[in-house]
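Written below as structure tokens is the structure these notes are about.
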Amino acid sequence: MNIILLGPPGAGKGTQASRLIGKYAIPQISTGDMLRAALKEGTPLGLEAKKYMDQGALVPDSVVIGLVKERIQKPDCSKGYMLDGFPRNVSQAEALDMMLGELKQRIDGVVCIEVPNKELLGRLTGRRTCRSCGAGFHVMFDPPKTDGKCDKCGGELYQRDDDNEATVSSRLKVYEDQTKPLIDYYEKQGKLRRIDGVGSMDAIFGRITAILG
């Protein structure tokens, strides 16, 4: 089973991904991990990517597709794989389809975890971090015993800049703008599986596995 996992920041994608790879015994493939591995191993594609990264430029799609192609031909992908964080746009999705066609493979399903923006804002802006020890809390899901104080060391809890409402709203808008055309692309192919991402992690996992089989 070859699947793609989509979902906005705060949708619980990471939790579901780790459970899915356990259930289906398939590896999770992220472009970040692939790039780091290629750089460490000094592969031709890794060296090619390094040229762009050293200049602070984005690694071209052709290089990323090459890395994906190498990765999915490894033995641990024989039963399938889950792509996480790729493709990010329609041009990448088209290039991926073309490459998979050459390998006589295809994407079987695209799981899109959907959560209303109001819920996502609550999840993402509710995070609090201890200034002293770095421990993490959440005002809704994991509140400290004393408001504003760390349970572990008594340090002051604060909201990081990237967790404030303006920054979170901006991140969600970027995701929406980038991903909407991608969702439409896979919907037209009949591969999109929309999942209600509100509820317990167990309930959401159950919805995903019910659709994937």
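The backbone N, Cα and C atoms fix where each Cβ goes, and this holds for glycine too.
Annotated ATP binding in Swiss-Prot involves GLY10, ALA11, GLY12, LYS13, GLY14, THR15, ARG127 plus, out of the candidates GLY190, GLY199, GLY206, the residue GLY199. Summed and averaged per residue, pLDDT over the region 'LID' (126-163) gives 95. Take the Cα of GLY14 (ATP binding site) and measure to each of the binding-site residues ALA57, VAL59, ARG88, CYS130: the nearest one is ARG88.
For the recorded Zn(2+) site, residues CYS130, CYS133, CYS150, CYS153 set the reference point as the centre of their Cβ atoms, and the other residues of that chain within 8 Å of it by Cβ are ARG131, SER132, GLY134, ALA135, ASP151, LYS152, GLY154, GLY155, LEU157. Put simply, of the binding-site residues ALA57, VAL59, CYS153, ARG160, the one whose Cα is nearest the Cα of LYS13 (ATP binding site) is ARG160.
Look at the region 'LID' (126-163): DSSP puts its residues at 3 helix, 12 strand, 23 coil.
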